[in-house]
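Asker: Quick one: this structure, given as structure tokens, is what I'll be asking you about.
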Amino acid sequence: RMPRLATGSIRCLRQSRCVETLFAGGDLAWRNDGSMLYTMRGDVVKGVRVDDPLQSTTIGSEEEGLKLTSITLDDTNTRLAVAFTNGLMRELDVSGVTPRELRSWRSLHSAPILVMTYSPLSNLLATGSSDFAVLIWDMESHRLVAKLTGPSVVSALVFISSTEMAVGYMDGVVRIFKREEEEEGGFTLVHDLKFHSSRITSISPDQGTGNIVISSRDHTASVVDPKSGTKKNTVLLFEACEAAVIVPDSRLFTVGEEGKIKEWNIEKSKLIKTERVANEGLEGVWYNSVRHELMVATATKNIVFVDAETLAVKREIVGMHDEIFSVAFMGESDEFLAVASNSPELKLYETKTFNCKFIPGHTASIVSLCVPHWNSSLLASCAKDNAVIVWKLNAEKETLGVLAVCSGHTSTPSSVSFSHSSNLPFLLSTGYDTMLKLWPLKNLPTKTVDNVDGAPHLTCSSTLKAHAKDSTCVDVSPNDSVVVTGGMDKMAKLWAVDTTSMQLGIVGNLSGHRRGIWDARFSAQGEKVATSSGDAIVRVFSVHDRSILATLEGHTSAVLKVIFVNNGNQLMSADSGGIVRVWDVKGGVEDLVQEAHEDKIWSICTSRKEELYVTAGSDGRILVWEDATELLQKEEMERQMKQMKEVQTLENLMADERYKDALKYALGLDRPHCALKVVTFLSEKSELAEAIIDLEKNELLVLLQFTVKWNTNTKTSHPAQMVLQSILLQWAPECLLEIPGIGGILAELLPYTKRHCDRLNKSRQDVSLLNYYWKQMRVAN
């Protein structure tokens, strides 16, 4: 990395970006204009902007602990219905900037609601549950219209028209109900369709023909006339269909376990087009006529937007990272951020907009990433498929291509690291097979391939058994002569690199930790090595004599990551409790403690100029931090200057004997200490009551709040009581009752006032007793 530009130490970090979980599975609701979608994230609903996912809003509160089961949006895009596991239902007004709750009620279901839908006129809301029942609510009169009991769990629900509704069940049955009297009557069963043998996953009305298309997990879809109840056609899907949607020109799109989106001609029962959009199964598909796009939800909780004509992927949103293991900046100006999470797909973010692309290649979860200092377009990744892949960035297309594959590890490679020089470049990998491998990169290909299977394989020139137990980390010194590894055997080891023969040799051990080592890193000059361990300690070793230079204690849980920052003058460490600490290496003291994540922090990386710091971990969040030390110092200086000016202004008012103005000014500053000085001076001059009667109500409220603080301390209780007496004498009770929060202020004043009163009464008794003793005293003979 390039040396840090700022010479000062890091004293403050401020979060500038946050990539968090937006979708945890379940229902999605897409606005008609395509600008926003509503997703389920455990206890809350997220409003996600399609073109800028980071600008998301949260609807609800996680503190309530209510688990969501279903959501749906009406056709006017103004009302959102939400169902919870405890049977509670809410309807929200989402037409404005801030969502507003319209009403809440009990669902009357005896089991969780699985599906919901509004009628075309938005006057009815139907809820389907695992208790085999469908309840239909009139949202205008707030009453239950009908209860429709079926043969099994309700799995699909749709209004064919304002008076017709189709219900699909888990056993493959579909029932069509009709409302005879639209205003008052209930729904009656019209047709009982038994065309399928497995779960009904979707029922899609075809506006062009008036038919409905029923898709099922029995690998078929049926085209049915809802008026006569007859099946007109059967489409063989050749996979378990999870969802289907019909676009206005009567084309059918289906998704399923193959991870492909398929376009069908309904009349001919013919597959027109197919396109893979994910390596895992697909769980839902929606269509938006304004954007003319399809939205697909994957089994790994990602959201993919596809062009409805070409089926080309237009954009991708990561709904949930699950657990993030590693992050790394890429590009000459750090334009991209590569992310490895609990998924075989590598995620590439564009750092300005944080648009994301999924890069397939590995077949199991990726655990570590590394970008070389000599070429920011290269990336090495290792995964639980035992493979190491070298990638190359295509900045124009914003994607990665495969350069080469390294095969040879017999268990998961845990860490990879490039050499610092491009003269004789090499790549190191270590893993849970306890081995350390060196891969020369002198003959690294320059052209990329699209498929890992067609990529050339690199040859390993040196393999050594690094540790007795799992090897967790590897790093290369700046001069490429020494390598450090750490393992679960409580040891860090130094290795020599012969760049001529590309061979490894042991140098020595770095001992001192009481538990396994999670990370080890060289300083910028290569003279020191920092190690972090499960014993909650960070140690700094000398490379020359392998002695311990510093022991940094302060973490309360296992320290998982450590890096040198600020040109090697500071250390940044992260633990399994989500805490980031910044240390002064020479002094061995903490410069900063930052609460960052809610769970383990698996990765820390910095931009090339150390302007940005990125942390990621088990909570699935990516946090981007800025060094705000200079800004903090500037703000502190401005605050002190402002404070000095305010104090000078107050002293000038006091010197000019403008005591009333001084009191008003002190109250406007919202500084109790300055106000106390003015109040004390006014009470000595017997002008306190006159000053208080001229106060506005908002100023009086501030004075009462200050009085509450003063009254809690014996030293300042007398001025507080003087103020309280003057207020009660000068202000009418009716006026005092109009002050906001006066009840709470009085409740806080009473206990301390009673305590002061008791103390004074006790002192009065003591003085009287002392006076009595004095009068009874005699001079002894």
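Even glycines carry a Cβ here, placed using N, Cα and C.
Feature table excerpt (TrEMBL):
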{"type": "REPEAT", "residues": "106-147", "note": "repeat 'WD'"}
{"type": "REPEAT", "residues": "464-505", "note": "repeat 'WD'"}
{"type": "REPEAT", "residues": "510-551", "note": "repeat 'WD'"}
{"type": "REPEAT", "residues": "552-586", "note": "repeat 'WD'"}
{"type": "REPEAT", "residues": "594-626", "note": "repeat 'WD'"}
{"type": "DOMAIN", "residues": "648-777", "note": "domain 'U3 small nucleolar RNA-associated protein 13 C-terminal'"}
Asker: Pop the mean pLDDT for the domain 'U3 small nucleolar RNA-associated protein 13 C-terminal' (648-777) in here, whole number is fine.
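Answerer: Average per-residue pLDDT within the domain 'U3 small nucleolar RNA-associated protein 13 C-terminal' (648-777): 81.
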Asker: In the same chain, which residue numbers or ranges, 6 or more beyond the ends of the repeat 'WD' (594-626), come under 8 angstroms Cβ to Cβ?
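Answerer: Here the qualifying positions are 1-2, 4-5, 13-21, 320-329, 333-334, 337, 339, 341, 349, 376, 560-563, 565-566, 572, 574-582.
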Asker: Would you mind listing the long-range same-chain contacts of the repeat 'WD' (464-505), meaning Cβ under 8 Å and 6+ residues beyond its ends?
Answerer: 414-421, 424, 426, 428-436, 438, 440, 511, 513-522, 524-526, 529, 531, 533, 541, 543, 546
Asker: Can you count helix, strand and coil residues in the repeat 'WD' (552-586) using DSSP?
Answerer: 0 helix, 21 strand, 14 coil
